[in-house]
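Written below as C-alpha cells is the structure these notes are about.
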Amino acid sequence: MAFSSYHIMTIVASFFSHLAIFKWLAPWMLRKASPVFATLPLDKQIVTRNRVMSAFHGAVTGGMGLYVFLYPGEAIPTQIWHDSPAFRHATCIIMGYAQADTLLMLFNTCLQDRLMIVHHAIACIAAYAGSVIPALPYYGNFWVLMELSSPFVNLRMILYSLGQERSRLYLLNGILMLVTFFTCRVMTIPLWFQLAEPMATGELYEIGPLLFFTIVVLTPIIYGMNIYWFGKMCSKSYQHLYHTLFSNYWL
C-alpha cells in the first residue's frame, strides 16, 4: 500500500506547522512565559525555540500513540495485517517533524547534534515503513508512543534555559520525565519478543524487507539509544537531587 493524498498532506502540513511553531509561536510563548528569554544569547534562544517545537510534536504524536494503545481496535499483538489510520497519520506527522528539524539543523549550527541526526534518519525510515505498509501497527505504535516522554524532556531544557532549575516545577517535571521515558521508551522492550512466534511460523517474513529491516535492525538501535539517554538522565537526576538535598540540609 502506498501513500494516499491524505498522508502526503499530513506530512506537508506537519513540516510547515513545526517550522511555524519554531518561527512564530515559540518565541511569542517564551517571551510571555519569562522575561529571561529576551536576555539569552541568540544561539540559546534558537535552541530553546527548537525545544518548544519538539515539545508540541511530542504532545501531539505521543497523544496519538497513547490513543492507539488504549483503543487499539484490531491493532493487537497477534494481528499481523491491519490498517490503522491513526497510527499511519501519526507516522506521517513524525516524518514531517523530522524533516523540519533536520532543515533547522542545516541552517543553525547550535542545533547540530550527530546523534539526533542519526535518530531522525532512523525515525524517517521507520515512519515511512509504518505509514506505507499496513502491518504490525501494534508494534509500530511503540515508536509513536515513545514521543509521549518528549514534552517532559524538552520542558526540562526550557526551564533550565529560563533559570528555573531550582523551581518545584523543574523537580516535578524531572520526575515525570523519568517515569514517562522509562515507561514508553524502555519498558516496552519485552513486548517485542511476542514476535518470536510469527517469526517461527514464517508469517513475519511476509511483511516485506523494509518493515522487517526496521524491526530487526532499526528497532534495537533506537532502543539502544533510549537506554543510553535514560542512563544519562538517571545520572544527572541523581546529581541534581544530591546537590539539592546537600545544600538544603547540610549547609
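Quick reminder: no glycine exception, Cβ is built from N, Cα and C everywhere.
The feature transmembrane segment is assigned by TrEMBL to 6-26, 115-136, 142-162, 169-195, 207-230. What TrEMBL records for 43-242 is domain 'TLC'.
Within its own chain, the transmembrane segment (207-230) is flanked in space by residues 80, 115, 118-119, 122-123, 125-126, 128-130, 133, 135-136, 139, 143, 146, 178, 181-182, 185-186, 189, 192, 195, which lie at least six positions past its ends and keep a Cβ under 8 Å from the stretch. Same-chain residues lying 6+ beyond the ends of the transmembrane segment (169-195) with a Cβ under 8 Å from its Cβ atoms: 62, 77, 136, 139, 142, 145-149, 152-153, 155-156, 159-160, 204, 215, 219, 223, 226-227, 229-230, 233-234, 237, 240, 244. Using a Cβ-Cβ cut-off under 8 Å and counting only residues 6 or more beyond its ends in the same chain, the transmembrane segment (142-162) has close neighbours at 30, 33-34, 36-37, 40, 44, 47-48, 51-52, 54-55, 57-59, 61-66, 68-69, 87, 90-91, 94, 123, 126-127, 130, 169-170, 173-174, 176-177, 180-181, 183-185, 188, 191-192, 219, 222, 226.
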